[in-house]
Amino acid sequence: MATERHYSPLDRLLLQADSAMRTLLPLSAHPQRPSPAVVQPDHKMSDVDTRHVAGLMRINHTGEVCAQALYQGQALTAKLPKVRKAMEHAAEEEIDHLVWCEQRIHQLGSHTSVLNPLFYGLSFGIGAVAGVISDRVSLGFVAATEDQVCKHLSEHLEQLPSEDGKSRAILEQMLNDEEHHAESALEAGGFRFPAPVKFGMSILAKVMTKSTYRI
């Protein structure tokens, strides 16, 4: 029977540093699943639509950077091993989204946000603090965050040009995955955040979306 490996605090810090580099350095992360966009035809879009879609995908990419940092921060401070493993597994799934968005951004001739390191650091800190408070709060924060992500994805799907099947396929799969993450976090005992807290989170999310649309 295989035994579970136990990491020292130093081991975990080194793993966090490795995760941060794979998240922030271009083309350094590798997905477990191929992008849903690969089976979609590549239709020509106007320059205006191309720039708009690139901006939307840049927002989504930064959202995945934040998700990576949030999960890694929570995994570092989670009290129960099963919660830590759940956070680490969720972070692995989010890598797919991260890479899919990055690939699509480059296909559109654009770039990822220069603000990603800042948002990674902020999200990592928030995740670590949530994990210190309690695992229930940590899981609840995941559910509330994923709810915000789902709202953004739904809004972006409505804004996509009809001919952009590639971006649509990516966002639809991301939406499905994020809904599952939110449900799993609550089923695992996550605390349901009250409306005022969710409102505050939505304000922070708007700061991120407004700032990363162009830069």
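Note that Cβ sites are derived from N, Cα and C of the backbone, with glycine treated the same way.
Keep in mind it's a predicted model, so treat the numbers as computed, not measured.
Binding site for Fe cation 1 per Swiss-Prot: Glu64, Glu94, His97, plus Glu178 from the candidate set Glu163, Glu172, Glu178, Glu179. Other Cβ atoms within 10 Å of the Cβ of Glu178 (Fe cation 1 binding site), summed over all protein chains shown, number 25. Report note: the Fe cation 1 site is defined by Glu64, Glu94, His97, Glu178, and the residues of the same chain whose CB lies within 8 Å of the CB centroid of those residues, excluding them, are Gly63, Ala67, Gln68, Glu93, Asp96, Leu98, Val149, Met174, Asp177. Counting neighbouring Cβ atoms within 10 Å of each of the binding-site residues (His97, His181), the lowest count belongs to His181. Figure note: comparing Cβ neighbours within 10 Å for the binding-site residues Glu64, Glu94, Glu146, the maximum is reached by Glu94.
DSSP assigns His181 (Fe cation 2 binding site) to a helix in the three-state reduction.
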